[in-house]
Amino acid sequence: MARSMKLACVVLVMCMIVAPMAEGAISCGAVTGDLSPCLTYLTGGPGPSPQCCGGVKKLLAAANTTPDRQAACNCMKSAASSITKLNTNNAAALPGKCGVNIPYKISTSTNCNTVK
């Protein structure tokens, strides 16, 4: 548990440093806060928790403009890069497992500039 919290803090700090946001865009702090309950699933754990899916749905609702969606994408891309044991299949499957559709794949290789 302590290790998960430490990793979540590292992800939060990395997102704030690596992905500066345009004015008015969703913040990396909000993205990582919403998705921090997903860390166990993203590193190969069992299916996403209700708290994780709640965060995914909250993030989807908050990212309602193209700049917000691009900012959220960049934050998730940066966060994914900093998770050393990221299970890429779980990351890509997360939205579907939570019953939502996002307009891009959660991946370190996603081109967030193409997100509309």
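Just so it is clear, glycine is given a Cβ too, placed from its N, Cα and C backbone atoms.
Under the three-state DSSP scheme, Cys75 (disulfide bond) falls in the helix class. The disulfide bond annotation in Swiss-Prot covers Cys28-Cys75 (among others).
For Cys52 (disulfide bond), other Cβ atoms within 10 Å of its Cβ number 23. Under DSSP, Cys52 (disulfide bond) is assigned to a helix (H, G or I) in the three-state scheme. Per Swiss-Prot, the feature disulfide bond maps to Cys38-Cys52 (among others); the stated evidence is similarity to another entry.
Per Swiss-Prot, disulfide bond is recorded for Cys53-Cys98 (among others). Packing around Cys53 (disulfide bond) is summarised by its Cβ count: 20 other Cβ atoms lie within 10 angstroms of its Cβ, all protein chains included.
For the recorded site, Cys112 (disulfide bond), the DSSP three-state label reads helix. Residues annotated as disulfide bond in Swiss-Prot, with similarity to another entry given as evidence: Cys73-Cys112 (among others).
Look at Swiss-Prot and you will find 1-24 tagged as signal peptide, backed by sequence analysis.
Neighbour counts were taken at the CB atom with a 10 A radius for the disulfide-bonded residues Cys28, Cys38, Cys73, Cys75, Cys98; the maximum falls on Cys75. Around Cys112 (disulfide bond), taking its Cβ as the centre, 17 other Cβ atoms fall within 10 Å, counting all chains. In terms of Cα spacing, the disulfide-bonded residues Cys52, Cys75, Cys112 that come within 10 Å of Cys98 (disulfide bond) are Cys52.
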